[in-house]
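Undergrad: Annotations for this protein, taken from Swiss-Prot, read as follows:
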- 13: active site, proton acceptor (ACT_SITE)
- 41: active site, proton donor (ACT_SITE)
- 12-18, 40-42, 305, 331-333, 413-415: GTP binding site (BINDING)
- 13, 14, 15, 16, 38, 39, 40, 41, 133, 147, 224, 239, 303: IMP binding site (BINDING)
- 13, 40: Mg(2+) binding site (BINDING)
- 299, 300, 301, 302, 303, 304, 305: substrate binding site (BINDING)
């Protein structure tokens, strides 16, 4: 089938955008299936001969290909003002998205009051806050699950929308007290936004099935990552949607048999943003080195990312659930200067190995992490263009990961530039 899926395999920020950008050069439709504008992909591409940096949050980053159509699927939650702010910013930089960006009529809506509530919930949690982006994503998905949310199609029946919207806000007042919010002003604002949004709205299920059955190449761009999945991540320090291969099917309305390839994106070390367990975290000079050399600051929030060694327990868990056909190992160049590199291989409790990745966070907080130490290569790989030219120890690191996961690494990121990606031919 003509559907390729790119998914994050750790806690997000793996660098999915660059691979999507490369693959999007040869595809017809780039689709998002879950999440909202809490995601963050940065892509550097030439526009009219000038390198430009584009920050994507809600919109599919495959739009950098001027021949590619973007689709925001029904599994997303959409803050309409942010949708237009991002679209306007891209077009101001010279990226014309006219007649090639569409949004599902079934996608749920995020409102400003969701963002206010998101902040109030974090304050309420105090020292146990999750560390959300405060974009209102969680409260919007909560409304969806409780069947009280509003969807894109509701915008086009203004009287019904206004009635439902007032009830939604009143419900939040009852839960959180009366916070400052102009309900009637918002209703009027969305009346105008609805008319601007109308040309972008489609039946996304019919749209994507027509694309697939007519032979178009479809690329699905996953947001966040497996370890932030609502079911399989480090709950409750997770996002509020399905970030797995299953979320692709439910968020776009396509069956599993239509998916041809699933590519997992793996950072050469591990990072995460916000609270939650992180067994391989390095609160030492190594952690600082990875943070500084890797420029580990969030695209969406600007927050510093926590850093640690590559964790194979996490990746085995991720690979079992998503069934990767191949991997993209990113930011390998960040390890260039290190004389030795550690990889987390097992979690132990009282000397006994845990069989999988534990659901119990108290248990997870008390695991002993077993590491394997590999020799570094201590030379720059940034200008290398073929796999054979990589240093032997670098290839050894790659092979160790492949052998441990039984999944081939097909793409290797060797620098921040768009061209800094080495393709390794897979054995048939």
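From the backbone N, Cα and C atoms, a Cβ is placed for every residue, glycine too.
What you see is a predicted model, and the numbers here were worked out from it, not measured in a lab.
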Undergrad: Given the binding-site residues 38, 42, 224, which one's Cβ is surrounded by the fewest other Cβ atoms within 10 Å?
TA: 42
Undergrad: Could you check the binding-site residues 12, 15, 302 and say which one's CB has the most other CB atoms within 10 Å?
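TA: Answer by Cβ density within 10 Å: 12.
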Undergrad: Quick check for you: of the recorded positions 13, 302, 303, 305, 332, 414, which have their Cα within 10 Å of the Cα of residue 41 (active site, proton donor)?
TA: 13
Undergrad: By the count of other Cβ atoms within 10 Å, pick out the sparsest of the binding-site residues 303, 305.
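TA: Across 303, 305, these binding-site residues, the one with fewest Cβ atoms within 10 Å is 303.
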Undergrad: For the recorded positions listed here (18, 41, 304), tell me which residue's CB has the most neighbouring CB atoms inside 10 Å.
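TA: Buried the deepest by this measure is 18.
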Undergrad: Specify the secondary structure state of residue 15 (GTP binding site) as given by DSSP, simplified to three classes.
TA: coil
Undergrad: If you count other CB atoms within 10 A of each CB, which of 332, 414 wins among these binding-site residues?
TA: 332
